[in-house]
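Everything below concerns the one structure shown next.
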Amino acid sequence: MDSALSDPHNGSAEAGGAANGTTRPPSTPEGIALAYGSLLLMALLPIFFGALRSVRCARGKNASDMPETITSRDAARFPIIASCTLLGLYLFFKIFSQEYINLLLSMYFFVLGILALSHTISPFMNKFFPASFPNRQYQLLFTQGSGENKEGGRGSPAPGSGLTRPLCPEIINYEFDAKDLVCLGLSSIVGIWYLLRKHWIANNLFGLAFSLNGVELLHLNNVSTGCILLGGLFIYDVFWVFGTNVMVTVAKSFEAPIKLVFPQDLLEKGLEADNFAMLGLGDIVIPGIFIALLLRFDISLKKNTHTYFYTSFAAYIFGLGLTIFIMHIFKHAQL
């Protein structure tokens, strides 16, 4: 949930040197402005497009894309669960080897990132497939039991077969097509690139995909639930960012695409730049799901004005810009 000034592995240009004791040259004003501006833009894109896609998601009937609704009870418990998770990660990094923990987390987010990126690019890629593309349909179905021993016994006849088929609990029932497999293949290339190089562009592609999917698929049930969630996480941030060093320590130790990064020395070093400014995905997803709720509310009014959406979106831009400014002045992670 925090925004941090510098990359977790390299340290800030103003604060210190590299691991070998040499002093890192300070970032230029142009480089800093480019980094902060890029972070701001990358934060706005998944919120805007995720909010639009959340409207279609709420109207859709595809079971695999059904949104997860957050209730007021979920919102009240979320800061507590997040605090336990954060403290647990902090203790893990203090007790166990950081290298092995990050290796495990890298594999976990490698799989999640591929799936999230595939789901993100699928609507855009569909426009590039020719009409003659053989788009075969597939279904991945896992059920409990087998043969005559399947739970539920024998049941209704299978369509068009005249035979009976067992009724049994479905564990996984996922429908996809050949176009989805192409998107999955392209996303896997990015995943392998991230796994092997940990390059900041691959990290950002996964981070943007996580953010957009979060805004699209996590739905608040009403405005009061959003206020409970935002209020609880405000207290959570105040305590863990300013009251302790836990949040910053975990962010600096956690090698996973849970943040967007952009190099402040891009103009000097190009794509191999290594002095990063970063923005946590929580700063995007949590406000984003509230903004998406207001967009759906605007659309439900059927007035074609979208007043609540544009007002909240403008307020988010102002708040994030002010956060980045204060972060730069005080050289400390902000809410």
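For all residues, glycine too, the Cβ spot is worked out from N, Cα and C.
Note that TrEMBL annotation is computational and uncurated.
Check TrEMBL against the ranges 1-26, 131-156 and you find region 'Disordered' recorded for 1-26. Stretch with the most C-beta contacts under 8 angstroms to the transmembrane segment (33-55), considering only 75-93, 217-242, 276-295: 276-295. Outside the transmembrane segment (75-93) by six or more residues, the chain places 1, 101, 220, 225-226, 228-229, 232-233, 235-236, 240, 246-247, 249-250, 253-254 with a CB less than 8 A from a CB of the stretch.
Within the chain carrying the transmembrane segment (276-295), a Cβ under 8 angstroms from the stretch's Cβ atoms is held by residues 1-8, 10, 32, 35-36, 39, 42-43, 46-47, 50-52, 54-55, 70, 200, 207, 210-211, 214-216, 218-220, 222-223, 226, 229-230, 233, 251, 258-264, 306, 308-309, 312-313, 316, 319-320, 323, all 6 or more beyond its ends. Residues 1-2, 54, 57-58, 65, 67-72, 74-76, 78-79, 82-83, 86, 248, 282, 285-287, 289-290, 292-294, 296-297, 333-335 of the same chain lie 6 or more positions beyond the ends of the transmembrane segment (217-242) yet place their CB under 8 Å from a CB of it.
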